[in-house]
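I have placed the structure first, in the form of C-alpha cells, so that the comments after it can refer back to it.
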Amino acid sequence: MTDKKYIVALDQGTTSSRAVVMDHDANIVSVSQREFEQIYPKPGWVEHDPMEIWASQSSTLVEALAKADINSDQIAAIGITNQRETVVVWERETGKPIYNAIVWQCRRTAEICEQLKRDGMEEYIRKATGLVVDPYFSGTKVKWILDHVEGSRERAKRGELLFGTVDTWLIWKMTQGRVHVTDYTNASRTMLFNIHDLDWDDKMLDALDIPRAMLPEVRKSSEVYGQTNIGGKGGTRIPIAGIAGDQQAALFGQLCVKEGMAKNTYGTGCFMLMNTGEKAVTSTHGLLTTIACGPRGEVNYALEGAVFMAGASIQWLRDEMKLISDAFDSEYFATKVKDTNGVYVVPAFTGLGAPYWDPYARGAIFGLTRGVNSNHIIRATLESIAFQTRDVLEAMQADSGIRLHALRVDGGAVANNFLMQFQSDILGTRVERPEVREVTALGAAYLAGLAVGFWQNLDELQEKAVIEREFRPGIETTERNYRYSGWKKAVKRALAWEEHDEA
C-alpha cells in the first residue's frame, strides 16, 4: 500500500472527455466532464479535432483535482480509457496532427473495405485480427489519411509521422512526446494487429500500405508507460499506468477476468463482451474476437457482440412516437400492463447487428390487435432490448461452448428495473447490477492502481465491488422459450425488408 491516496481515470469518449478521481475504496471523489465538437464534413463522415480532444481531456484532469482540492503528489497513478478505433496521425517533431481524427463511426472507407474483400482478404483478416472487414476499424482510416494528405506516406516511411488511437495520442501529449505506446486492447481494434502473434501484422500493413515506422509500441494494459506533470498544484510527475479501450475497461471494471464471465453495456446500443480466457475463440456466428485484460492486465481474449438499438429505441418512443416524455417514464408505463398483449417490436431502424448482420432489415411492430394500447408497445420496445441481448448471448455460448451463470450490467438503461428483471427472465440467468455505475472509468483506475501497487491484487478489488441489486429469473423455462420463439418469428419477418421492396 502506498501513501498516495488517489487514482485518476481519464475517460476519453466519443462526445465528451471526463476525469474521475477515486480513493482507495474505489469511491468517486470528484468528476469533471467537457463535451467537444462533432465534425461532419460529408454525409456518413465523422471527425474530431485532435487538439480539442487533448484540450478537453487535459482541462478535465486539472478541474477534477481542483474540485477535490488534491495536489498531484497525492495521485498514485493515472489510467486511461478511450473511444476505440478512432485514428490520429501527427508529426513526430511538432506534435501537430496532419488531419482531423477520423472517428470510429465514420463510413468514408467503405470502398477501401470493398477492395480488401475483392482482394480475398476477408478470411485472413478474420483469422489474424479477429475482426470483420468494416470501415469501423482503424486500419482503413490510416490508409485514407496517407492516401489523401500529400506526401504523408513518404514522411511516415522516414519516421516523421506517427499514428495512434486516442490513448496513444493522449499519452504522447501528456509526456511531451517522450512516449509512443498503445495497449493490446486498443491494438486489437485496428485491423492491423495479429491477435495471436501479439504483433503488428506485416500482411495487413502491406495490404493497406501503412509503414511500420509510424506504429506505436504495444504493451500490457497495466504497467507504467511514462510520467506526466500535468494536473495543477504540486508539480509532481504522476505515472501513467493503465490503458484499455472503453468496452474492455468496462469488462475489467466489472471484474470479468475469468473465462466465461460476461458484461453487457446498455447505451445507445448494447456491447456484450465475454472473457474466453487465454484462448482466442473464432466466431462462426458473426461476433468479433478481441483482446481483453486478464487479472493483472495481461492478454486474455473475449468475444464481442453489438446490438445497434437499445437506448436508441427508448429515445424513438420519446422523440418520434411521443409515447413518453422522458426515457425514465418507460418503466412506469411498461408495468401498467401485465404483458405485451402479443406484441413484438423489432427495432431494426438501421438493420440488425450480431448475430443477423442484415443491413436490409427494418423496424416493425407485429401482433397488433384491437386491444393493443401504447403501454403494450412501450413494454414490447423495452423487451426487444432483452431479446436482442439473448440473441448475442446465444451466439457467444454457441461459439465458446461456455454456459453463462451471471451477466453483469452497466450503462444508462440498467436503472430500469423492469428491463433488468425481464433480461434475467428471458436469459434464465442472474443479472448483477453494480453499485458503482462508472465501470469504464473504474476499469482504467483498477489497471493503473494494480500497476503501481495502490491495490495489491484482484482479491482486494473484489472486496470493494458491491452488487447493488441482483435480478433472478422469475418465469418457467416453457414460458421463456415460448416468448423467445415469438421474438425469433418477428425478426424473421423483419429481415431483408428493403431488398424485398426493391425486388
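The backbone N, Cα and C atoms fix where each Cβ goes, glycine too.
Residues or ranges marked as sn-glycerol 3-phosphate binding site in Swiss-Prot (evidence: sequence analysis): Thr14, Arg84, Glu85, Tyr136, Asp246. Glu85 (sn-glycerol 3-phosphate binding site) counts 25 other C-beta atoms within 10 Å of its own C-beta, drawing on all protein chains shown.
Packing around Thr15 (ATP binding site) is summarised by its Cβ count: 11 other Cβ atoms lie within 10 angstroms of its Cβ, all protein chains included. Per Swiss-Prot, the feature ATP binding site maps to Thr14, Thr15, Ser16, Thr268, Gly311, Gln315, Gly412; the stated evidence is sequence analysis.
Taken from Swiss-Prot, the feature ADP binding site applies to Thr14, Arg18, Thr268, Gly311, Gly412, Asn416, supported by sequence analysis. In the three-state DSSP scheme, Asn416 (ADP binding site) is classed as coil.
Among the features that Swiss-Prot reports, glycerol binding site is placed at Arg84, Glu85, Tyr136, Asp246, Gln247. Mapped onto three states, the DSSP output places Gln247 (glycerol binding site) in helix.
Binding residues for sn-glycerol 3-phosphate (Thr14, Arg84, Glu85, Tyr136, Asp246) extend across at most 15 Å, taking the greatest CA-CA distance. The binding-site residues examined here are Thr14, Ser16, Gln247, Thr268, Asn416; by Cβ neighbour count within 10 Å, the least packed of them is Ser16. Between Thr14 (sn-glycerol 3-phosphate binding site) and Thr268 (ATP binding site), the C-alpha separation comes to 12 Å.
Checked against Gln247 (glycerol binding site), the binding-site residues Arg18, Glu85, Gly311 differ in C-alpha distance, with Glu85 being the nearest.
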